[in-house]
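**Q** Pasting the feature list from TrEMBL:
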{"type": "TRANSMEM", "residues": "53-74", "note": "transmembrane segment"}
{"type": "TRANSMEM", "residues": "86-105", "note": "transmembrane segment"}
{"type": "TRANSMEM", "residues": "111-136", "note": "transmembrane segment"}
{"type": "TRANSMEM", "residues": "148-171", "note": "transmembrane segment"}
{"type": "TRANSMEM", "residues": "177-193", "note": "transmembrane segment"}
{"type": "TRANSMEM", "residues": "226-248", "note": "transmembrane segment"}
{"type": "TRANSMEM", "residues": "260-282", "note": "transmembrane segment"}
{"type": "TRANSMEM", "residues": "294-312", "note": "transmembrane segment"}
{"type": "TRANSMEM", "residues": "318-339", "note": "transmembrane segment"}
{"type": "TRANSMEM", "residues": "351-371", "note": "transmembrane segment"}
{"type": "TRANSMEM", "residues": "377-396", "note": "transmembrane segment"}
Amino acid sequence: MTDSAEQSSGSLKELLRHGGYWRWSAAAQAYRLPRIMAPIAFVLVAMQQRDSVALGGVLVTVWTLVPAAVAPLAGRVYDRIGVATWAPRLLVVMAAGLGLIAMAFHTGAPAPLIVLIAGVIAAVGAGLGGSTRTLLGQRVPKRLLPPALSLDSSVIELVVIAAPFVVILTALVAPVAPLYAMAIITLLAAVLLRPRRAASTDIASADGADDAPQTVAPGLWRNPRFWFWLAVSGAFGQSLGTLEIGALPLSDSFGTGNSAAATLIAILAIASVLSGFGYGAVATRMKLGQVWRSIILMSVMIAAGMALAFAQTFWQAVIGYVVIGLCTAPLNTVLFYSVELVVDPARKTEAFSSVTTANAIGFAVPGALLALLPLPVIFGLSGAFAVCALIVALVYGHHRDNTAASAVSPTEQAAT
């Protein structure tokens, strides 16, 4: 980061006084909460209404895989039709769809019909994650993005922790109540995400020097910098997936049981929350480039993850989870901030949706491997994959970048 960039950078204190950020954050959490509630809610409602764990499992699979498959294409469509206009509208459709799923359970509709509705609504919602991230750049000045993303990374962890409790509490009212709650919360997200007429003027006046045009590589999929961050996202997802999916078998190997596994996941989340607040306070004052930040953070995560393969006691595992948790929110911030800098503004939603999909695929890989390989091998393979992904992305990016080095803007250089 250059000295001029540092002088124009925003602080966490300034962000906390920015009303546009808090409105966006409330909308983003209201969008995320039902998606995080969905796996538990679907299984719970299917068990109580149909006495079928299998139906719940199919709904969770459809709800997870359909958006992952459709998100990049959906993101491209959003970029063309207008994120600010259509994201709130499609959130309304999603809210109606969730209400329809709840009514289908209530009225005894056939299971295939419920699965079909869930698939259609999941496809409608594909790309909304990337859209909300794109809208952040429209609601706050660019100089406030690093602290905004850091704070958001911490808040996400709190939403993840809260989601199961919301499902359980609403289920006390009625078996189908969690689905109705998801519909209401999604509708709230649509209301909060609606653009305000004065917002664009506020951002334009607040950005100042940030409005200077940037030069980026042509297209999206020919952009070597984007490929680097796509690889980082996949490796990041696999590292986190290994930790969360491996928590129970790792605890069992110590003879400490289910409660210890839950403790490890909680420690990971708490460490991430704390690091998000801490990184948000110092991110804009650091001179280290975004690529080097990601390499250092990923290297620490890889080393700690591979060390878990040799952990002999629960407390050794705790240390590993704390170290990785402290890297999680900062790396998430670096990842999404850097994508903002290196892609064509007209393709941002597609880029963010693709990065999110890469992360989800990486997260799912350890679950598939767990059925085939011992846990220590999975920890080792996760680290090896992350190392290979970073090396290939760096070599590819350097090779492709040599022909376009003169076209890089000062702002984009901050991402390298």
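The chain as shown is numbered from 1 upward.
Placement of Cβ uses the backbone N, Cα and C atoms for every residue, glycine included.
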**Q** Between the transmembrane segment (53-74) and the stretches 111-136, 226-248, 260-282, 318-339, work out which stretch tops the count of Cβ pairs under 8 Å.
**A** 111-136
**Q** Does the transmembrane segment (318-339) reach the transmembrane segment (177-193), going by 3 or more CB pairs under 8 Å (6 or more apart in sequence)?
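**A** Since fewer than 3 Cβ pairs under 8 Å link them, the transmembrane segment (318-339) and the transmembrane segment (177-193) do not come into contact.
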**Q** For the transmembrane segment (226-248), I need the partner stretch with the highest count of C-beta pairs below 8 angstroms, choosing only from 86-105, 148-171, 177-193, 377-396.
**A** 377-396
**Q** Would you mind listing the long-range same-chain contacts of the transmembrane segment (260-282), meaning Cβ under 8 Å and 6+ residues beyond its ends?
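**A** Residues 11-12, 15, 146-155, 157-158, 160-161, 243-244, 247-248, 250-252, 254, 314, 317-318, 321-322, 324-330, 333 contact the transmembrane segment (260-282) from elsewhere in the chain.
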**Q** Does the transmembrane segment (86-105) make contact with the transmembrane segment (177-193) through 3 or more Cβ pairs under 8 Å, each pair 6 or more apart in sequence?
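**A** Yes, since the transmembrane segment (86-105) and the transmembrane segment (177-193) share at least 3 Cβ pairs closer than 8 Å, they count as touching.
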